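Participant: Relevant sequence annotations retrieved from TrEMBL are reproduced here:
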DOMAIN    26-187  domain 'Glycosyltransferase 2-like'
TRANSMEM  252-279  transmembrane segment
DOMAIN    258-374  domain 'GtrA/DPMS transmembrane'
TRANSMEM  285-302  transmembrane segment
TRANSMEM  323-342  transmembrane segment
TRANSMEM  348-367  transmembrane segment
Amino acid sequence: MPAELDTKPTEPTERLAEIRVRSPLSIVIPTYKEAENIPPLLDRLERLRVEHEIDLEVLLMDDDSRDGSVEAVRDCGYDWSRIVVRTADRGLSQAVVDGLGLARHPVVVVMDADLSHPPEKIPDLILALESGQEFAIGSRYVPGGSTDDDWGFFRWLNSRVATLLARPLTDAHDPMAGFFAFRRADLARAKYLNPVGYKIGLEIIVKCGLENVGEVPIRFTDRVRGQSKLTFREQLKYLKHLRRLYIYKFRYLSSFGQFAAVGLLGLVVNLAILSALVWVGVPEATAVAAAIAVSMMSNFLLNRRFTFGYARGGRVSTQFLGFVGACSIGALINYAVTLGVISARPSWPVQVAAVIGVGFGTIFNYLTNQFLVFRDATRPPAASAGGPPPPLT
Ligand SMILES: Nc1nc2c(ncn2[C@@H]2O[C@H](COP(=O)(O)OP(=O)(O)O)[C@@H](O)[C@H]2O)c(=O)[nH]1
Ligand SMILES: [Mg+2]
């Protein structure tokens, strides 16, 4: 059941003071070495709780910080908050996933502990859910939202490029945000959650198929105490995470994209080997054959590793023979289609006919490899992209 609000969503200016979050609320906060930030954060949440009479539960999911975080929570003395010390399966997103499994209330908010996310905006997030959104983000990138002024150009660019890369996955302007609210029951719509890196909100949006995403503007303030744990390595993990999400959402389109990319790379490998062999004096006929053999092998290995990575458990020799067989038939189709176009449209440049032939051959190759050579009856490709699904609750 969603939160209830005693306000009219149509009157935003009068709304703020009137919002009452009546539904019980669980707040999940990943923490790592945030002992200094925990007391001011809990104090602000206490003010919010009293003001809005919220039935509140706060779960601080801590990765064994040993910096006084446990004592800080205890000394605050709020009976609605508890810290869970985790020693296995560390990491921000996994900590949040575990927190979601422990949460008891129907509406869940996730936020950072470093005071970058203003707790005072939580009622607005709940209001967004109440007015029909499936997922509500505390957003930096909608009108009224902002970040601190001292974000350098590269930090801004980095954040914007990362956001742009997620665009095909969701319409949200700030899908990378770590401040969001949703209904816990919607988690059941995900086959599994298995994020790598920091973007647990994006993971939930995509895996739960949440289309209706609302954004509430917030001012994102840079942390004053403690240090950011967002390293370059974490940012690289984002690319891996994106790849998994693309595969999850656009299963065949993304595997066809990878197959085509591998094919292009194969062309580069072919030309490089050919040039190198001719340059060292190998006869052209031999060099062409060797270039084809090497590029076919590299294409096979790359496709087996990435495009059809879920079928890596299959027997290599069988898969290789299947791949070579499929590609050989694909080459014949390419040849036949090219000749057909040449005879049907003699005025067209021969290169156009060749491109059409390559297109048909590639599609044939992809389909036979996807559904025959690398088919996997036991595991769906989406699941293989992320490993075995951990339980949600
Ligand atoms: N449990 C857990 N929390 C983490 C981990 N890394 C970061 N956090 C918490 O996740 C939130 C966001 O991290 P932060 O370092 O501020 O990232 P940034 O805001 O992107 O610079 C903070 O509350 C951190 O304490 C981790 O490995 N485990
Ligand atoms: Mg932070």
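Cβ coordinates are placed from backbone N, Cα and C, and glycine is handled just like the others.
Any TrEMBL annotation is an automated prediction that lacks curation.
Looking at the shown structure, what environment does each listed feature sit in?
Facilitator: Outside the transmembrane segment (252-279), and at least 6 residues removed from its termini, the chain residues within Cβ reach (under 8 Å) are 243, 246, 286-288, 290-292, 294-296, 298-299, 302-303, 306-308, 362, 365-366, 369-370, 381.
Here the transmembrane segment (323-342) has long-range neighbours at 296, 299-300, 303, 348, 350, 352-354, 356-358, 360-362, 364-365, 368-369, 372-373, meaning same-chain residues at least 6 beyond its ends whose C-beta is under 8 angstroms from one of its own.
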Participant: Report, as numbers and ranges, every residue of the chain located at least six residues beyond the transmembrane segment (285-302) whose Cβ falls under 8 Å of a Cβ in that stretch; write 'none' if there are none.
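Facilitator: Beyond its ends, the transmembrane segment (285-302) has Cβ neighbours at 262-263, 265-267, 269-271, 273-274, 277-278, 319-320, 323-324, 327.
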